[in-house]
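Novice: Quick one: the structure is below, and I'll ask about it shortly.
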Amino acid sequence: MTKKLAEIIPLNNVPLIHCITNDITLETLANTILYLGGKPIMSSDVREFADLFKTTDALLLNMGRLTVNHEASLREASHFAVISHKPVVVDLVGYGMTEQRRKLGDELINHQPTIVKGNISEMRRLVGLPTIAKGIDGDVSDQSDFALQELNHALKELCKRCPKTVFVATGRRDIVVQGERSALLCNGVAALDRFVGTGDMLGAIMATLIGAGAAAWEASSIAISYLNIAGEIADNQTHGLENFRQEMLNQISLLQKQSGWSKNIHSSTFN
Ligand SMILES: Nc1ncnc2c1ncn2[C@@H]1O[C@H](COP(=O)(O)OP(=O)(O)OP(=O)(O)O)[C@@H](O)[C@H]1O
Ligand SMILES: Cc1ncsc1CCO
Ligand SMILES: [Mg+2]
């Protein structure tokens with residue numbers, strides 16, 4: 001049976017989340033998981049995986065700062081996840097920006113992960129739509145009503161090939177798609193796009209929620225709303241981006257204690 005939001009946050013268990021992620025935001029991700037009430041284990045050493053997979057509750061695969069070793073770790077962990085039926089979040093950082101990232105992302109998706117996420121421009125590249133985005137950030141031109149509709153339809157087509165996976169595209173507005181169903185989420189503030197790793201943090205929150213037993217759709221949409229509403233509160237209370245970043249993480253730990261936080265969610269069905 002599907003769990004309701006109040007049964008998902010605050011967590012009622014302490015899931016162990018195995019993260020293979022980039023070294024730029026590694027510590028931020030470990031703290032995000034801890035502040036939410038989970039436990040992180042950051043390990044990229046393939047020699048440990050057989051043992052690790054016996055005790056972890058979910059896996060985060062973030063393509064982040066690619067290296068030969070990082071890529072090998074992501075591939076190997078993805079393989080272990082299939083054979084151990086571990087819930088997996090794939091974060092397609094920089095998908096399609098280079099051929100290496102495109103090939104790796106495609107291979108990870110072929111393993112039918114639980115959730116696949118990227119910013120709106122990474123997700124456009126994934127479905128073969130054009131974008132002028134550069135680097136790892138989403139481009140504002142991919143945020144128009146038309147562009148969002150286009151992406152929504154293309155993701156629904158992709159869902160026919162990957163019926164088990166929830167696809168998430170993030171930006172000023174966020175899209176969550178599973179099968180024929182899709183939602184548009186409209187919380188958040190512009191400052192979220194102005195410090196590094198908010199997308200990475202979102203992947204860590206999603207992995208924590210599926211590790212705690214939430215279904216993929218609920219984990220995806222609740223994670224987006226939770227992070228974005230934490231961002232709205234932090235933005236109201238701070239001045240300057242570094243203060244915002246700190247308060248944002250502070251709010252990740254605090255928001256779960258406010259029982260009414262979900263009343264501020266702006267979400268609608270996206271046809
Ligand atoms: N302009 C904005 N207005 C409101 N919310 C935003 C905005 N930009 C990003 N967000 C929110 O910030 C989170 C991260 O989204 P974003 O698209 O910036 O990810 P990303 O590009 O993968 O980030 P990064 O690569 O820095 O980790 C999402 O929850 C998204 O809703
Ligand atoms: C800046 C940057 N470059 C590769 S990964 C990363 C952090 C955001 O994912
Ligand atoms: Mg990202």
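Cβ atoms are placed via backbone N, Cα and C, with glycine included.
In TrEMBL, annotation is done automatically, which means it is predicted and not curated.
Quick paste of what TrEMBL says about this protein:
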type	residues	note
BINDING	Met42, Gly197	substrate binding site
BINDING	Lys117, Thr170	ATP binding site
Novice: For Met42 (substrate binding site), what residues in its own chain, 6 or more apart in sequence, show a Cβ-Cβ distance under 8 Å?
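Specialist: Within the chain, Met42 (substrate binding site) has Cβ neighbours under 8 Å at Cys19, Ile20, Thr21, Leu26, Leu29, Ala30.
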Novice: Using a Cβ-Cβ cut-off under 8 angstroms and a sequence gap of six or more, which residues of the chain neighbour Thr170 (ATP binding site)?
Specialist: Lys117, Gly118, Asn119, Ile120, Gly138, Gly199, Leu202, Ile224
Novice: For ligand 1, which among the binding-site residues Met42, Lys117, Thr170, Gly197 have a CB under 6 Å from it?
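Specialist: By the Cβ criterion, which requires under 6 Å to ligand 1, the hits are Thr170, Gly197.
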Novice: Out of the binding-site residues I have (Met42, Lys117, Thr170, Gly197), which ones have their Cβ sitting under 6 Å from ligand 2?
Specialist: Gly197
Novice: Please report the number of other Cβ atoms within 10 Å of the Cβ of Gly197 (substrate binding site).
Specialist: 22
Novice: In three-state terms from DSSP, label Lys117 (ATP binding site) for me.
Specialist: strand
